[in-house]
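Asker: My questions all concern the structure below.
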2 protein chains.
Amino acid sequence: MKNEISIGLLGLGTVGSGVAKIIQQHQQDLHHKLGAQVLIGKVLVRDANKDRLSSLDPSVFTTDIEEILNDSSLDIIVEVMGGIAGAKLAIEKALRTGKQVVTANKDVMAEYGHDLLKLADAEKCDLFYEASVAGGVPIIRTLEDGLASDRISSLIGIVNGTTNFILTKMKKENMSYEDALAEATELGYAEADPSADVDGIDAARKMVILSSLAFSTEVHLDDVLVRGMKEIRDGDLELANKFGYTIKMVGSSTKDEDGIEVSVEPIFLANSHLLASVNNEFNAVYIYGDAVGETMLYGPGAGSLPTATSVVSDIIAACRNLQLGVNGKRVHSAQHERVIKPETKCFAKYCHRLLVNDEVGVLSKMTSIYSKHEASIQSVMQSPAKQVGKAELVLLTHQISRQQHLDVLSDLEGTASVISHYRIEGEETV
Amino acid sequence: MKNEISIGLLGLGTVGSGVAKIIQQHQQDLHHKLGAQVLIGKVLVRDANKDRLSSLDPSVFTTDIEEILNDSSLDIIVEVMGGIAGAKLAIEKALRTGKQVVTANKDVMAEYGHDLLKLADAEKCDLFYEASVAGGVPIIRTLEDGLASDRISSLIGIVNGTTNFILTKMKKENMSYEDALAEATELGYAEADPSADVDGIDAARKMVILSSLAFSTEVHLDDVLVRGMKEIRDGDLELANKFGYTIKMVGSSTKDEDGIEVSVEPIFLANSHLLASVNNEFNAVYIYGDAVGETMLYGPGAGSLPTATSVVSDIIAACRNLQLGVNGKRVHSAQHERVIKPETKCFAKYCHRLLVNDEVGVLSKMTSIYSKHEASIQSVMQSPAKQVGKAELVLLTHQISRQQHLDVLSDLEGTASVISHYRIEGEETV
């Protein structure tokens, strides 16, 4: 049993300063839980002389990452510096020198998580990454421990706070996409370059991490179907609402005997689904398990203190293991071969919104294309379009395969232009 | 490292048979996770000769609990027999003979949890009880590990599925209380004697367990203010709805510098609060943490397989500890003295629904009573009552203490009769 556990903190930005704050303010609680003092031994910063609000002793600051990685008095390395290449190297080196590692870095975990976890296993070190997905929501731990006994069949989550904030503002306050994005940027929910968020890349990375864990298999970023917010057209939110749905940027992941299917895209989500009530910058992950049925975890997706909470919970887990001498004992190897489901086996209902010439026989011409691909239609709604001589058709399908959906859309070309299309989740309420 | 871990299962009812089923069906997954086979070595049943659907070898059945508790080949005792005195004795004996214990028994944990956890610590054994609160929802683990780094300031939860089912039916389908209860009984959500559920005792026990853990202090059942569903009068649901609220049976627990406040009662919950969207038999616990902000866990509150999922996740945790030789290393001692907040320090908004004589000056007489106790009124709504010569007054207060609330209600006697009264949580939306 150690009396002191020493942390090397790589980065003192938004999350890093939150971690430092929690550790300093919770000294007594930590001592009660661990029987040891948890100290911040060294902190990597960009400029060691910069005035800082934190009450850390200035002697702990260094601009030299090697000084931290080579310091044998440090027990745990906390990587909250961001970026990919440098962070990956730092994690590798820390593990190779027998240090426990906690990271909040979803980019690294999505791209190199499988390798890094194998390295951690080989080096008998802990590698914890709770904060990499859905900031303050303990989703990794729940999948690893809380639902350890269950077989997860599907996950559906709002795992990007920026896009959820924008969509909430668009729906509840009739804001334009541009205005909602501007407000998200002003409040610090969106980055200066918001493309990773609005294009769905950020959410896709999180779905790689969650899917790999939930299905005990190695899912890669390339396996994820990604469609961003730009697929949403004027009038789509109202259209969804008319049918009892809310448009949400949702990450989905399902597994059955045909394989795994992972996607991030704006979908029509039934208003009756609890996930449709998750608003603003909040995140939530809805889990379907064979035995447990349906569960959901909800909470802040980002922010200094919420994310730092997850990081420090990981630090506590690593400290407990240190005190017991049982670090690196988790089994991280994938239990199952990675099998990605072909699009002929991915079934869903879809909404197709089409612009057609307003002329006799157009509906019959349309529906014959659906028939040709055996894509069964649940309902068709025709309304005049803004353009003279044009009409809008909204078709809701029954369950069809993604291949059928794509074949229909492709065959419609020439006869209709596709304004937008959505997968549908949950039962409509009106 | 063991090659086999052997379980003694006390009880083969709803939960016990779910546990047996999951363990048998997930042999491969368990072996992958633990590097050992998990076997069910002995099962306590009422009648060893009864035909059972389970595929367990009949030789494992016994009607003699001592045969299980004295069996030194068993590593883990799983108590899913229910009841209080016998279950408590069994858990004590198991711990005293060095066995790890997993229980789903909220009654025992609410009444004797503090003592049993101390005994487990003394005997260096694990005592896990995830399934005792909110069946399939991993709330214990989240409070212990996921939010280990945070200070919880308040919990508010729907922790009884029966009453939530009844209230959902009453609200959404305009059912009477009696019809909704009958349907709950038919579906197996309510017991033959539903009083523990509808009177709030079941929820109070769960709040004792959650509050003790969240605040690291010894909360007792007597500390909980309990009001049951019978406090809800005809017309209350519609009244709540008119103001933008939903009536939910809610367990609340808050801690501040004045102490702890724990209650179970029907409240007016703002429709905008995510908890108000938790319907049917589902449970959810909403957690406010200093650092994390707001998080919520949602899932099935009962049922064979959901509850068994939590039990088996606990079994896996105990197995992991067995494999590492680190059982009984959790700190369970309370960090803080138990201080229950006086009613003069418990602040909330309230709704008072009163029946008064429909005569000149009655409103002034009423409001003077509120003034006398410095209880500030936010709004008053007067409407004709069904009884001739009577009127109904609905008063919503600003924040007042529970003591003020009680003083006002007591002083109203003689002038008005109190039809019903509710604490209000969350901001109204209309």
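Glycine too: its Cβ is placed from the backbone N, Cα and C atoms.
So TrEMBL says this about it:
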{"type": "ACT_SITE", "residues": "B:K206", "note": "active site, proton donor"}
{"type": "BINDING", "residues": "B:L10, B:G11, B:L12, B:G13, B:T14, B:V15, B:G16, B:S17", "note": "NADP(+) binding site"}
{"type": "BINDING", "residues": "B:K106", "note": "NADPH binding site"}
{"type": "BINDING", "residues": "B:E191", "note": "L-homoserine binding site"}
{"type": "DOMAIN", "residues": "B:351-426", "note": "domain 'ACT'"}
Asker: Determine how many residues of the domain 'ACT' (B:351-426) DSSP places in helix, in strand and in coil.
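Answerer: Here the numbers are 22 helix, 35 strand, 19 coil.
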Asker: Restricting to the same chain and to sequence separations of six or more, state which residues have a Cβ under 8 Å from that of the residue listed as 'L-homoserine binding site'.
Answerer: B:T162, B:T185, B:D197
Asker: Rounded to a whole number, how many Å is the Cα of B:K206 (active site, proton donor) away from the Cα of the residue listed as 'NADPH binding site'?
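Answerer: Pair distance, Cα basis, whole Å: 6 Å.
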Asker: For each of the binding-site residues (B:G11, B:G13, B:G16), count the other CB atoms lying within 10 A of its CB, then report the residue with the highest count.
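Answerer: Output for this query is B:G16.
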Asker: Show which residues of the chain containing B:K106 (NADPH binding site), separated from it by at least 6 in sequence, have their CB under 8 Å from its CB.
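Answerer: In sequence order, B:S132, B:V133, B:D202, B:R205, B:K206, B:I209 meet the Cβ cut-off.
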Asker: Under 8 Å Cβ to Cβ from B:L12 (NADP(+) binding site), same chain, six or more residues apart: give me those in sequence order, or none if nothing qualifies.
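Answerer: Spatial neighbours, sequence-distant, of B:L12 (NADP(+) binding site): B:A20, B:V43, B:L44, B:V45, B:R52, B:S54, B:F61.
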Asker: Average the pLDDT scores across the domain 'ACT' (B:351-426) and report the rounded value.
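Answerer: Taking every residue of the domain 'ACT' (B:351-426) together, the mean pLDDT is 94.
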Asker: Give me the long-range Cβ neighbours of B:T14 (NADP(+) binding site): same chain, 6+ apart, Cβ under 8 Å, in sequence order.
Answerer: B:G303, B:S304, B:T307
Asker: May I have the list of same-chain residues other than B:L10, B:G11, B:L12, B:G13, B:T14, B:V15, B:G16, B:S17 whose Cβ is within 8 Å of the Cβ centroid of the recorded NADP(+) site, in sequence order?
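Answerer: Close Cβ neighbours, site residues excluded: B:L9, B:G18, B:V19, B:A20, B:V80, B:M81.
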Asker: Which residues in the same chain, at least 6 apart in sequence, have a Cβ under 8 Å from the Cβ of B:V15 (NADP(+) binding site)?
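Answerer: Long-range Cβ contacts: B:V80, B:A104, B:A131, B:S304, B:T307, B:A308, B:V311.
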